[in-house]
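Noted in Swiss-Prot for the protein shown:
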TRANSMEM  24-44  transmembrane segment
TRANSMEM  77-97  transmembrane segment
TRANSMEM  123-143  transmembrane segment
TRANSMEM  152-172  transmembrane segment
TRANSMEM  181-201  transmembrane segment
TRANSMEM  215-235  transmembrane segment
TRANSMEM  272-292  transmembrane segment
TRANSMEM  313-333  transmembrane segment
TRANSMEM  373-393  transmembrane segment
TRANSMEM  397-417  transmembrane segment
Amino acid sequence: MAKQPGYQARSTNSGKGELKSRLLFVLGALIVYRIGSFIPVPGIDAAVLAQLVEQQKGTIIDMFNMFSGGALSRASILALGIMPYISASIVIQLLATVSPALAELKKEGAAGQRKISKYTRYATVVFATIQAVAISTGLPNMLSGLVPNVGFSFYFTSVVSLVTGTMFLMWLGEQITERGIGNGISILVFGGIVAGLPSAILQTIEQARQGQMHPLVLLLIAAIVFAVTYFVVFVERGQRRIRVEYAKRQQGRQILGGHSTHLPLKVNMANVMPAIFASSIILFPATLTQWFGQNDKFEWLNNLSMLLNPGQPLYLLVYAVAIIFFSFFYTAMQYNPRDTADNLKKSGAFIPGIRPGEQTSRYIDKVMTRLTLIGGLYVTFVCLVPYIMTSAWDVKFYFGGTSLLIVVVVIMDFIVQVQSHLMSSQYESALKKANLKGFGQ
């Protein structure tokens, strides 16, 4: 009995030790990611490429560079970022809704998920190869001196380097999910965006200092950033609580049940994924048209890429529709109203005024549909903020919308994950303490 306090302390410390190791792993992975973004692709003049990216400010290439954490402007092997993997994941998930074979794999549990993950990796290689070929063939035509020695050797090494970099990031993201905290892919996207924040802030302040931007405009931008951040936090914490009651039942001489609780449904159940998915889906064809369009034979692609530049009406329309679509798609992939209704029925719970079973499922689905529409419109509104700002004040993408939403939501999710790990370790410690007391008695 005297050993119980010491045992509890060791249990708590072991739980905190695991959390510490997971946090250190995430930090280490982000450091590796950052170091990798400085490893150059052979054959490209990085200084000339940085000049080119600066000239492309406000275009799809600028946005592509933002998501890669500036790796594109440094001609890094990680220039493609994690976007090819995200695009591949979207395609495989979409195919799973129409392909009976993939649909069956989803029902096979862990074994089926491993096969789907394998197909996603294969698709990632395909998407990364297509984008790498587009970049390697488009770069020599964009600026003189960018690629000093154009030839098969350059094309081969650049494509292999870029595809290898993407596959490494895919593996790193999976390791963060498994051995770290949170969703590894979201954290890598977050890391890429945050890496460019300091330079973007300093650049904007420098614009104001040199008189290119009125100080009041700078203050207004800061106020908008804080207002959007507050709005994002407010909505992300918002819930629609459905009242649930438990029927009274007799077990021996005891009356169990008879109490009520709530079924919480988030306003934005899809989280930040619609914004990431929509950006990935637009970036893939838009960058292809941008790179391939540098060839005189495909000049029409260059004209199309101009229409797909951020802030253009076509881009805004496609982006808004994609966000709404992926809000419904991702919510449907992650949450099943029928399963929730069945679980309530099995536990003896019901929604007042709604019959258990099919009617409960339809009611939850109706509520989720309304919430998803509200969540999709909210994400669309937040993501369109930067384009209004850039067109009015020539501010970089980092200051609003997609990037701000991703940063805030990933931080919030990360904090929740850390808290759940702490609560889990405390819960395990309490259980072990109770078991020791029972053993002592």
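All positions are counted from 1 along the displayed chain.
Placement of Cβ uses the backbone N, Cα and C atoms for every residue, glycine included.
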Note = If you count CB pairs under 8 A between the transmembrane segment (313-333) and each of 77-97, 152-172, 215-235, 397-417, the winner is 77-97
Inquiry  = I need to check the long-range neighbours of the transmembrane segment (123-143): which residues 6 or more away from its ends have a CB within less than 8 Å of a CB in the stretch?
reply    = 44, 48-49, 51-52, 79-80, 84-85, 87-88, 91-92, 150, 154-155, 158-159, 162-163, 166-167, 170, 284, 287-288, 290-295
Request  = With Cβ distances under 8 Å as the criterion, find the stretch in 77-97, 152-172, 272-292 that has the most pairs with the transmembrane segment (181-201).
outcome  = 77-97
Query = Is the count of Cβ pairs under 8 Å between the transmembrane segment (77-97) and the transmembrane segment (397-417), pairs 6 or more apart in sequence, 3 or more?
reply = no
Inquiry  = I need to check the long-range neighbours of the transmembrane segment (397-417): which residues 6 or more away from its ends have a CB within less than 8 Å of a CB in the stretch?
reply    = 62-63, 66, 181-183, 186-187, 189-190, 193-194, 196-197, 200-201, 204, 221, 224-225, 228-229, 232-233, 236, 271-272, 275-276, 279, 310, 379, 382-387, 389-390
Key: Distal contacts, the transmembrane segment (152-172) - CB-CB under 8 A, six or more residues away   = 29, 32-33, 36, 41-44, 76-82, 84-85, 121, 124-125, 128-129, 131-133, 135-137, 184, 188
